[in-house]
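What Swiss-Prot says about this protein:
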- 15-34: transmembrane segment (TRANSMEM)
- 55-77: transmembrane segment (TRANSMEM)
- 82-104: transmembrane segment (TRANSMEM)
- 111-131: transmembrane segment (TRANSMEM)
- 141-163: transmembrane segment (TRANSMEM)
- 170-187: transmembrane segment (TRANSMEM)
- 202-224: transmembrane segment (TRANSMEM)
- 231-253: transmembrane segment (TRANSMEM)
- 268-290: transmembrane segment (TRANSMEM)
- 297-319: transmembrane segment (TRANSMEM)
- 329-351: transmembrane segment (TRANSMEM)
- 445-467: transmembrane segment (TRANSMEM)
Amino acid sequence: MQQEATGGQKIRPIPIIASFLMAGFIGLFSETALNMALSDLIQVFDISSATVQWLTTGYLLTLGILVPISGLLLQWFTTRGLFFTAVSFSIAGTLIAALSPTFAMLMIGRVVQAVGTALLLPLMFNTILLIFPEHKRGSAMGMIGLVIMFAPAVGPTISGLILENLTWNWIFWISLPFLIIALLFGMKFMQNVSVVTKPKIDILSIILSTLGFGGVVFAFSSAGENGWGSATVLVSIIVGGIALGLFVWRQLTMEKPLMDLKVFKYPMFTLGLILVFISFMMILSTMILLPLYLQNSLALAAFSAGLVLLPGGVLNGLMSPFTGRLFDAYGPRALVIPGFIVAVIALFFLTRIEVGTSALTIIVLHSVLMIGISMVMMPAQTNGLNQLPPKLYPDGTAIMNTLQQVSGAIGTAVAITIMSAGQKAYMETAQGVGPEQMIASLTAGIQNAFVFGLIMACIGLLCSLFIRKAK
């Protein structure tokens with residue numbers, strides 16, 4: 001931990017983390033808030049559902065491309081400079097989106113927003129590692145977890161309220177003042193805590209990283225809609241896979257790599273990465289499956305579906321500071337192993353949901369699942385990063401955040417693929433093709449997709465048995 005900022009003044013951790021919390025909350029809120037407005041946007045801009053999905057795909061793609069090179073940016077620019085740049089991009093993107101008269105302009109706004117988020121998240125994690133001692137990092141990461149889990153959870157519900165009374169533009173207008181406040185607060189309190197070393201920039205590594213991570217994220221993001229056999233998906237995953245292979249080979253053979261893969265020599269970091277990867281797959285697949293189930297099988301309106309999922313999301317966020325303090329006191333094993341056990345139980349019962357399952361049952365199961373995941377996510381991530389030496393913090397945070405984006409794309413794509421296959425298999429044996437059969441087939445497909453989540457949770461539980469407090 002650093003006691004002084006690079007300018008010599010004493011570090012004040014609380015105002016620094018408060019700046020990140022404000023900016024991060026709005027950035028992650030806007031990421032999911034727009035999901036509720038997609039059907040409205042199809043009507044407003046007279047576009048297809050495939051086109052409107054680019055608002056999500058484009059956002060994820062930008063994160064997948066920029067987050068891997070964030071480790072380099074953290075070593076080239078000061079903490080204050082990167083913070084102001086990130087929040088400025090978020091403000092600019094939000095303003096462009098709010099004023100958008102066309103879908104193309106809205107798409108540009110979303111990409112600019114994503115640039116801000118891609119810069120902010122790794123900077124936030126890296127700064128916490130630098131300003132908090134190891135025995136307090138769990139609590140600090142817990143506060144960050146509150147934002148990362150809570151903001152996306154309340155996004156759909158708040159946007160549902162906005163859409164009932166105002167137009168979709170107000171999702172962005174309401175976010176704008178809070179981003180400006182975060183920028184002004186940061187101007188006063190943000191301090192430079194990282195050392196600017198300005199390592200050599202390897203252009204080829206950046207190109208390979210962009211093609212590799214961008215290709216993989218795009219392929220999985222497109223697979224759910226276009227199918228795994230489409231030329232777009234196949235070309236993207238082949239190009240992405242080859243580029244990733246070349247990227248890894250180049251990083252291992254360079255004296256000063258863009259992304260230092262020596263982090264994988266630290267077993268608790270690698271294990272933490274695997275556990276976070278699995279957790280994100282479970283979260284993102286659940287976030288795509290349950291709204292489909294609630295709106296189609298239970299015939300709930302979008303706003304009502306958002307309310308059903310709100311308690312679980314809020315609990316997940318509120319649990320993060322609590323699990324952070326428990327991590328500082330008892331280490332990772334006391335949280336991660338029980339967390340996966342809770343997740344396995346919740347997912348087992350989610351595989352058994354039917355057309356007649358009550359909304360209350362879904363609220364309980366979703367809440368239990370979110371509690372389990374909150375016991376895994378931040379403790380596993382913090383424990384893994386704790387094992388790294390300070391010089392590898394930028395690379396560790398970049399890799400951790402990159403794999404989260406990739407796991408989210410993979411989890412969503414696999415869940416949709418399994419669900420679609422389950423629907424098709426059910427309809428092949430169904431008597432007739434009426435509305436009741438369509439609803440029953442969707443429910444059967446969602447059951448199958450939750451089996452995938454259950455298998456991932458069981459794998460996570462087995463892996464968690466090897467976790468130890470990082471030294």
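Positions of Cβ are set from backbone N, Cα and C atoms, glycine also.
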Any contact between the transmembrane segment (170-187) and the transmembrane segment (141-163), i.e. 3 or more CB pairs below 8 Å with pairs at least 6 residues apart? yes
Answer with yes or no whether the transmembrane segment (82-104) touches the transmembrane segment (445-467) by the criterion of at least three Cβ pairs under 8 A, sequence separation 6 or more. no
Would the transmembrane segment (141-163) and the transmembrane segment (15-34) count as touching if the test is at least 3 Cβ pairs under 8 Å, pairs 6 or more apart? yes
Do any residues, 6 or more residues outside the transmembrane segment (329-351), come within under 8 Å Cβ-to-Cβ of it, and if so which ones? 275, 282, 286, 323, 365-366, 368-369, 371-376, 379-380, 382-383, 447, 450-451, 453-454, 457-458, 460-461, 464-465, 467-469
Counting only CB pairs under 8 A, let me know which of 55-77, 111-131, 202-224, 297-319 has the most with the transmembrane segment (268-290). 297-319
Does the transmembrane segment (15-34) make contact with the transmembrane segment (111-131) through 3 or more Cβ pairs under 8 Å, each pair 6 or more apart in sequence? yes
Highest Cβ pair tally under 8 Å against the transmembrane segment (55-77), stretches 111-131, 202-224, 297-319, lands on 111-131
